[in-house]
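Listed in TrEMBL:
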TRANSMEM  240-263  transmembrane segment
TRANSMEM  306-332  transmembrane segment
TRANSMEM  338-357  transmembrane segment
TRANSMEM  378-399  transmembrane segment
TRANSMEM  411-434  transmembrane segment
TRANSMEM  462-489  transmembrane segment
TRANSMEM  495-522  transmembrane segment
TRANSMEM  534-553  transmembrane segment
TRANSMEM  565-594  transmembrane segment
C-alpha cells in the first residue's frame, strides 16, 4: 500500500540544447505543481524536478520501499550488433515518420509509458528497496484504473492507467468519457491488454485529442541497493578508453626519452664543459644556453599580467585536482544530482587563496611593488571574463523561455560567493605570498640586455608555440570526445578513474614538451622564455576549440542559431580555462628547469 511518487524533470533536445520545464509542453498536470528544492548544481544544469500525475501503489507486500532519486532509463540495443545493451537517460517525447505508402513525414507522440520498477528484498527484514526504474517498449501489466481528463487551448489530454501495450505511440479511442471509470475501445477492459489491430500511432495535430496511458510492472532483482547505479553507469566502451591511455602513454614515453636525453647527456656534458673552461676567451668562443645567463631571468614584458594568469592557473589546477579526488572516492556520484557542478563552483571559490599566493610570489620575484593591483586583477580578470560571457548566454536562454536560464536569485548567490569568499581569500593568499622573502635568481641579471640573434624559421615564436600544443591535446582528445558527448548528448559520465589518469598524463605532457622546446630556444640564444613557456602548453586550448568546431558539425544536430551560439559560447569558456590550466603547468615546469640548469654551472 505504500505510494511511490513518480517525479518529472526537464525536457531536453539534442537539436536545441535548451532545457525546458516538463510542463512547458501541454502534458497532463497534477492539480497542484510542487517543485523540489534544487541545489546550485541542479539549477545551473537546468534541472526542474516536479511532481506528476503518475501514481504507483505497492500491492505485492506492505514494507518500506524507497524510490530514492532514481531516474527512469530506457534500455537500448547497441548498434554495433553486439548483445550488450545500453541505457538512455529519460525517454523520448515522440518521433517523426510516415505511413506506409506515403512519403509525407508526420510527427507522432509517445503517449503510452510502460514502467518497470525493480526491487531487491532484504531476506532478514523482509523489507524492499527500489533498485531499478525503466521505461519499457514491451508488454507490462496494468494495475489500476484511475483517470484524468485535462484540456488546453489546442489539445485535450486524457490519461488513464490501465492499458497494457507493446508500442509507445497508440491512437487511443473511446465512446464516452467516464471520470470515475475511464475506458478506451483500444484496450480490453477485462484483460487490460491492447486489442490487436488497434496499434495505429498517435499523430500530433492541432485540435486532436490525445489519450495518455501507462502501466507498471514490478520485478524482483538480485541487484543490491548500493549497486543500483551500476546499470546506469555501465561502460561498454572501456577498450576505447584504454586505447586512449596507451596512446597518451606513448606520447609521454617519447617526450620522457627526449627530456632524459637532454638532461643526462646534453646538459651534463654542457655543464661539465662550461665548468672546465679556464679563460674568459674560451667562454666567449662557446655558444649555447650558457651565453644568455645574464638575461635569462630578466623580467618579461607585461610580467604583471603573466603573474595574474599563473595565479589563476594554480586556482584552476587545485580545483580540478580536488574535484577529481572527490569523484574518485565516490562523493560526486550521479545519484547526487548536481553535485559535481556544485563542488566545482565551491572549490573554485575556496581555491582563491592559492591564486593570490602564487601570483604575489612571482610578482615579488620580478621586483614588483604594486601587489594590491595584481591581487585585484587576479581576483577579477578571469572570473569577470567568464561571468560576462555567462551573463550574455544566460540572457539568450531567458529569451527562449528555457528552464536552463539561471534565476536572478542564483545569479546573485554566485556573485556573493565570488565577492564574499573568493576575492577575500585571494587577498589573504596574496598577503601571505608577498610577506615571504622574494625568490632569489641563481644567476645575476646584466644591466644591458643581450641582442638576440636571427632565429631559424622553425624557432620562430608562432611556429614553436603552435607545435607545442599538439602533443598535450593529442594526449586528451579521445577522452574529450566522451566528455563532450556526456555534456551535449545527455549521457552519463562516471569514468573518473580514466579521467584522472588522462589528467596526470596531460600534466606530464605539458611539462615535458615545454621543457624540450625551452631548451632548444635557450640553445639558440633566445632568452625570452617566460611568456613562450606559458603559450607553448596553453596553445593546446586552440586545438581543443578547433576540435569542438569539428564535433559540432559531425556529431551534433543543432539547427537553431541561439543553440549554436550557446554551444560555442560555452566551448569558449572551456577552452579559455584549459588554456590557463595548461599554460600554468608548462610555465612552472619551464621555471623549474631553467632554475635547475643555471644553478648547476659556475658563473664568474
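Quick reminder: no glycine exception, Cβ is built from N, Cα and C everywhere.
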**Study point:** For the transmembrane segment (495-522): best-contacting stretch of 240-263, 411-434, 534-553, 565-594, by Cβ pairs under 8 Å
**Key:** 240-263
**Study point:** Highest-contact recorded stretch vs the transmembrane segment (411-434), from 240-263, 378-399, 462-489, 534-553, CB pairs under 8 Å
**Key:** 378-399
Review point. Looking only at residues six or more beyond either end of the transmembrane segment (306-332), which have a C-beta under 8 A from one in the stretch?
Key: 300, 339-340, 343-344, 347-348, 351-352, 354-360, 362-363, 366, 368, 374, 377-378, 381-382, 496-497, 499-500, 503, 530-531, 534, 577, 580-581, 583-585, 587-588
